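Participant: TrEMBL lists these features:
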COMPBIAS  1-24  compositional bias 'Polar residues'
COMPBIAS  33-42  compositional bias 'Polar residues'
DOMAIN    456-565  domain 'TMC'
REGION    1-60  region 'Disordered'
TRANSMEM  145-168  transmembrane segment
TRANSMEM  202-223  transmembrane segment
TRANSMEM  235-256  transmembrane segment
TRANSMEM  336-356  transmembrane segment
TRANSMEM  376-399  transmembrane segment
TRANSMEM  411-431  transmembrane segment
TRANSMEM  524-547  transmembrane segment
TRANSMEM  570-592  transmembrane segment
TRANSMEM  612-631  transmembrane segment
TRANSMEM  638-659  transmembrane segment
């Protein structure tokens, strides 16, 4: 009886899998082997398509993957070998289609393996994740993403702006300069560097972006308003300059959005929390590709840090759930008070940046080392504020007693507000002196900007962004050499209890991530005025990667409090998107509102940078103008809007259905877990009742 039930269960288990049981068809039952009375499932060894044709009126069931069937590995291997030996009769089109699909699959796998092999810093990132956890690894992954983003962006700028400008400058006889306007006083600009300078002055110019650096393709003022027009070719440098800047921002937005979408999908798939992740880590977290002892230890440490984060968050949640009403009131009151203190520190930093920038612009004519100090004074004040205030805010966040993930987010929010708005204060101070909107209109009445202090104001803004980028790199290297290495040496070679209690430094992920976001925001802000700034930032981030890696393994200890990297990756990209938005505001204001310099740059003959677009539009043919008018008309935009609305509604509905399905599956898993717990309790009670020994 039992054997009959087992045979019936086996036959039922394999129905609908594409491997037809011999008990499912009387005709197939006649050719059953002598071993058909065994309890294991019986299979049709022919391909599933042939079995379905022989089945006649039976319903066609899509075959399942052989790997998904609950069978021994030896039996799966035997079935696969038999199926490969039996070649079905296919038409020429089906044979061609199958061969192309196999070739495409092999090519996709080969390309994927090659890309995985050449992935930038792959081994270093695995080593970092194994020794310091996913939180620290997420910082270096974020840094790698910015390196690739800046490199591709610099290639875009070099291809469409730099190389055409160099080529057209060398063949200036074939180019046409657009008509200049404005008075002679507005066009005064000493754009020729002094050939007789000391060698030390070259070093100062390299740090400040002035002197010989000012008259290179690095800055806006060196580009010309050249338009090459021939019978079969035309190229407009001002239009290419403007559109490249716009496409550069659009390209960065697409890359950030795509990466954020991937991170959000991972966060949703993992549940975004610790609940239910223990089983996933224990049963599916191990990488069976780890063959060497070194790789095995790294993976063990990585799983250890993940479990540590989960357990710590669960502990803090349990403590928060057990608080009384009085303790909750005290906790929230202290958080509000500490938040006000942190906000006051940030406002004080803003005021210091404003005063430093104003003082630096007054001392712009100073030369030598003192002049270099005045030029770097805003960068110094911003760097000091970004270093001191976040440290104080981090200590305040520890007193607020959030869980690790929330602590990271709060620290990031405060640092974001400090760093991004500090850059906004710097730009506001510069623009207030360039456009004279503080009430001093005499200096700007003639040329619509302060031409005496800023004869080429775009280059001056580009120099400020260049100095901020370079100073950020110098500070990173100086901290490595002058602070982090000496601290490690003192800790390792001293037996003082206080020094040992302080110990080596921890790698603070929020501070370092905000440093990257701040540096990238500076590059976005200055890319219009310093076109090669993305290329400089690429080299800077490569140096920062190796510097941070050295200090991580040589000078840092594993963090006492780790955090979950899934949510943090999403938040890092949202912060980066906020920096992109701030830079976009600066770009739009510079293009549309401020009058371009009349003495330099590709737009010196126009009333605004955007004026090149309508001028170029009316120079097109009537057919092209009509097509562009149609693209911008309601006849095209309204149907396009409706189409995208329908597509968006479809994806929203699809996401809602998938979300409900995921919720139902999670609820089902919880119910099954409760049923298992109930059954275990019932077994224990029955065992105690019957006196069965465990």
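For all residues, glycine too, the Cβ spot is worked out from N, Cα and C.
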Participant: Please list, for the domain 'TMC' (456-565), how many residues fall into helix, strand and coil according to DSSP.
Facilitator: 85 helix, 4 strand, 21 coil
Participant: Three or more CB pairs closer than 8 Å, sequence separation of 6 or more: does that hold for the transmembrane segment (145-168) against the transmembrane segment (524-547)?
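Facilitator: Yes, the transmembrane segment (145-168) contacts the transmembrane segment (524-547).
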Participant: For the transmembrane segment (411-431), give me same-chain residues lying six or more residues beyond its boundaries with a C-beta closer than 8 angstroms to one of its C-beta atoms, as numbers and ranges.
Facilitator: 342, 346, 349-350, 353-354, 357-358, 361, 378, 382, 385-386, 389-390, 393-394, 397, 437, 460-461, 464, 468, 510-511, 513-514, 517-518, 521-522, 525, 571-572, 575, 578-579, 582, 586, 589, 594
